[in-house]
């Protein structure tokens, strides 16, 4: 921080690196593993060449970025040291072999990654993407899931479309049947109405008396018996 920075006191205990528990062979964990057949320097699990040390915690004492120390931890052959992220290369090779990829092609990809690291090292930091350490099997499974969901959706839409078309056809037939019955009913009513005589038009109330008088006068003229009485003609 420099002379202008705030001074902070640090206290270190008797075991600052927290290694006493791993070096103490009189503890219960060490004795129990030894009784089960474990030996010092061998790994735990099905294979004996697994990881033989505990997880180490590194204390960051500078203000540089998270990936700034990668360039300082390189060997002459261009590979990372063991205390760096060396698993990036080894784990990537393992995933490549599991996925059936060619070793030459996988080595070429790793060389490209190293070259990219060198170019990005000029800026003082480097971020490792999560997909770098991921296999392709998960991606293929996700693609299959998306494809199956898409197919199910298409089948569902197709089924709904068929049901909708069937319903529309049924409604159309029902409507046509109703229209046909309605027309037949109208046709059956029309002859009876045409056979019945048309009623005389209604006359207004104020002209009813005059129309009655005119009707009686015409009736006397049209009747032959009434005419004979008028002209005093005897049969």
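Placement of Cβ uses the backbone N, Cα and C atoms for every residue, glycine included.
The annotation region 'Disordered' is assigned in TrEMBL to 1-25 (among others). According to DSSP, the secondary structure content of the region 'Disordered' (1-25) in residues is 4 helix, 0 strand, 21 coil.
Taken from TrEMBL, the feature compositional bias 'Polar residues' applies to 16-25.
Look at TrEMBL and you will find 25-71 tagged as domain 'G-patch'.
What TrEMBL lists as region 'Disordered' is 134-209 (among others).
For 146-159, the entry in TrEMBL reads compositional bias 'Basic residues'.
Taken from TrEMBL, the feature compositional bias 'Basic and acidic residues' covers 160-188.
Per-residue pLDDT, averaged along the domain 'G-patch' (25-71), amounts to 77 for this model. Taken residue by residue, the compositional bias 'Basic and acidic residues' (160-188) breaks down under DSSP into 29 helix, 0 strand, 0 coil.
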